[in-house]
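Copied over from TrEMBL, here are the features:
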DOMAIN    65-145  domain 'Potassium channel'
DOMAIN    186-259  domain 'Potassium channel'
TRANSMEM  62-80  transmembrane segment
TRANSMEM  117-137  transmembrane segment
TRANSMEM  180-201  transmembrane segment
TRANSMEM  234-255  transmembrane segment
Amino acid sequence: MASDDATQSLLPDEKNALQRRRFRQPMNVNATEIKHPEQDGNSSLKWLESLLENQDCSFKKVFLVLAMYLGVGTLCFSLIMNQIEGKKTNGIVDAVYFSVVTMTTVGYGDLVPHTTLAKLLSCVYVFAGMALGGIILSKAADYIVEKQEILLVRAMHMNEETCLSEILEEVETHKVKYKFLLALILLFLLIIVGTIFLYLVESFEFVDAFYCVCSSITTLGYGDDSFSTRAGRVFAVFWILSSTICLAQFFLYLAELYTEKRQRLLVKRVLARNVTASDLEEADIDHDKTVR
């Protein structure tokens with residue numbers, strides 16, 4: 001009877017001990033049997049994906065602010081167009097053209113402010129445009145970082161029964177190579193279209209047209225060549241904005257492509273590496289011989 005009571009008293013403790021079992025010291029643990037906490041991984045992944053969705057909303061807000069910025073600039077410069085010197089075609093067209101050239105820091109010099117009010121307004125406008133450009137680049141950098149974090153978290157919290165090829169296939173879906181190639185193709189098309197337009201409409205020599213396109217896209221804006229006709233400036237409003245944004249996207253995707261390749265190498269290392277005894281020892285921060 002006494003032995004039966006002792007056995008019955010030990011069974012609940014043994015059951016509770018099994019329920020509270022933790023990872024013990026490395027000598028008692030098979031590292032290949034350790035599983036990641038899938039629930040925590042899913043929550044981390046959902047949290048990061050929600051951040052990425054917020055980034056998309058932020059991009060929309062930034063471009064809305066950009067449109068308002070151009071609208072306000074056009075209105076202001078159209079009201080003081082008589083205080084701006086240079087070859088003019090149409091009041092509204094020249095105001096939009098001057099706003100775009102100022103915001104993108106191209107600065108051809110074909111239209112220049114010559115009064116105190118026009119100069120001060122141009123100074124405020126160009127600094128506001130550069131600040132807006134900095135915000136856009138900051139949002140782009142956040143987008144790259146958070147996308148790479150999602151990639152890493154998804155790889156680290158994959159079910160261990162999933163084979164390596166399936167995980168790599170999941171990772172491959174986030175490549176930016178095609179977006180990079182698309183941006184490159186669009187950039188070449190914009191260069192070709194701009195060169196042909198300057199050659200046919202603005203009557204530039206072919207080399208001068210290509211030279212003006214390159215100095216415009218890169219925002220050099222030497223000023224020796226620029227758009228001088230009304231049709232040319234209407235074209236320039238859309239072409240300068242699209243070409244400079246396309247060039248920025250090209251370098252953005254180039255940086256993202258490079259960081260994604262580095263991140264993929266890190267993911268492969270993480271997936272191919274098993275938990276070792278030293279990893280468990282380092283995880284025992286409070287030195288209680290358990291890893292929670």
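Residue numbering: from 1, along the chain as shown.
Positions of Cβ are set from backbone N, Cα and C atoms, glycine also.
Just so you know, TrEMBL annotations are computer predictions that nobody has curated.
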*For the domain 'Potassium channel' (65-145), give the DSSP counts of helix residues, strand residues and coil residues.*
61 helix, 6 strand, 14 coil
*What residues in the same chain, six or more past the boundaries of the transmembrane segment (62-80), come closer than 8 Å to it by Cβ-Cβ distance?*
91-92, 94-96, 98-100, 102-103, 115, 117-118, 121, 125, 128-129, 132, 135-136, 139
_DSSP-derived helix, strand and coil totals, residue by residue, for the domain 'Potassium channel' (186-259)_ = 57 helix, 0 strand, 17 coil
